[in-house]
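What follows is a single structure, written as structure tokens, with notes after it.
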Amino acid sequence: MEQFVAAVQEVQAEKHRDVSVVDEKAVQNDSTSPSPSASIKTTAAELRKEWIQFVTLCLCLFLAGWNDGTTGPLLPRIQEFYNLGYTAVSTLFLLQCIGFIIGACAALYLNDKIGFGKSLVLGASCQIIAYIAQSTAPPFPVLVTFSALNGFGLAIQDAQSTGYVAVMRHYPDRKMGALHAVYVSPLVATQFAKLPHRWSFHYMISCALAVCAAIVTACVFRFKRQEELLDYGNRRDDGDETEEVDGKNKYRQIFSMRVLHYLAFFMLLYVGIELTMGGWIVTFMLRERNGGSSSGYVASGLYGGLMLGRVVL
């Protein structure tokens, strides 16, 4: 779904880039235009601002990778703690997936209603609440319910971050690869998986990361809309106000693009296989290969390979 959001934001930004190019040419031909040194300083400031925003969004994707990559090493301990079978414990993935789908569908609506900056903070806040509840090792139904809330917040941050990087002015394709490369699995979950009664303390670290993400995104993006942050909101002509502004028409525009249906189907298979392997490979190593308590590092190796592949791409 984040591909949907990125596509429609790319369409909206493209026409404003054309206006920007025309304005820049007009300024260059104007005899009253600023000196070259002033132009260079402005460009350097814009680049610095863009890189700060990009690094901030990388923190959001790192938190997403941290969340998805740590479930696998903790899974055997969760099974043992709650005395669950494979089917019951797999609802952790199911409920988080449902929450993610709802959040992905709501991301475009939230972007229109409350704006890009507020949406990012909202997503991080949902994760903070979920991690606080999960850190107490509550009854399993409660753990699963907050897993859905976690997926909802994760999807909002994922979609908004991907859509924003897609319309950046400088090297958006390279930044997109780096953005998703930081979606990595940490090694720390394996250490908590070795603790029989303190495995849930891992969620305290996750909560601290989510708090950092909320604070940093609030400071960098200042709850502003994407149009304001990309500096093309004030250049919009009155004639550009079309039906596309309506949220329902945006959804209609997105779902009418056939290529996005193909990409969505591919992502469904790809992400499903990726998370299935990352989630269950530790259990497989423990039960079928007689792996020790360090089997969680296998999942970290899998996500490390994914990171390397995205950087090389």
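The backbone N, Cα and C atoms fix where each Cβ goes, glycine too.
The annotation transmembrane segment is assigned in TrEMBL to 51-67 (among others).
The feature transmembrane segment is assigned by TrEMBL to 87-109 (among others).
The annotation transmembrane segment is assigned in TrEMBL to 116-133 (among others).
Feature annotation from TrEMBL assigns transmembrane segment to 201-221 (among others).
For 259-282 (among others), the entry in TrEMBL reads transmembrane segment.
Within the same chain, residues 1-2, 4-5, 8, 71, 75, 78-79, 119, 123, 140, 143-145, 147-156, 158-160, 163, 247, 250-251, 254, 275, 279 sit at least 6 positions outside the transmembrane segment (87-109) and bring their C-beta atoms closer than 8 Å to a C-beta of that stretch.
With pairs at least 6 apart in sequence, the transmembrane segment (259-282) and the transmembrane segment (201-221) have fewer than 3 Cβ pairs within the 8 Å limit; the two do not touch.
Panel annotation: around the transmembrane segment (116-133), residues 60, 63, 67, 103, 107, 110, 142-143, 146-147, 149-150, 152-157, 160-161, 164, 203-204, 206-207, 210-211, 213-214, 217-218, 221-226, 229 of the same chain, lying at least six beyond its termini, place a Cβ under 8 Å from a Cβ of the stretch.
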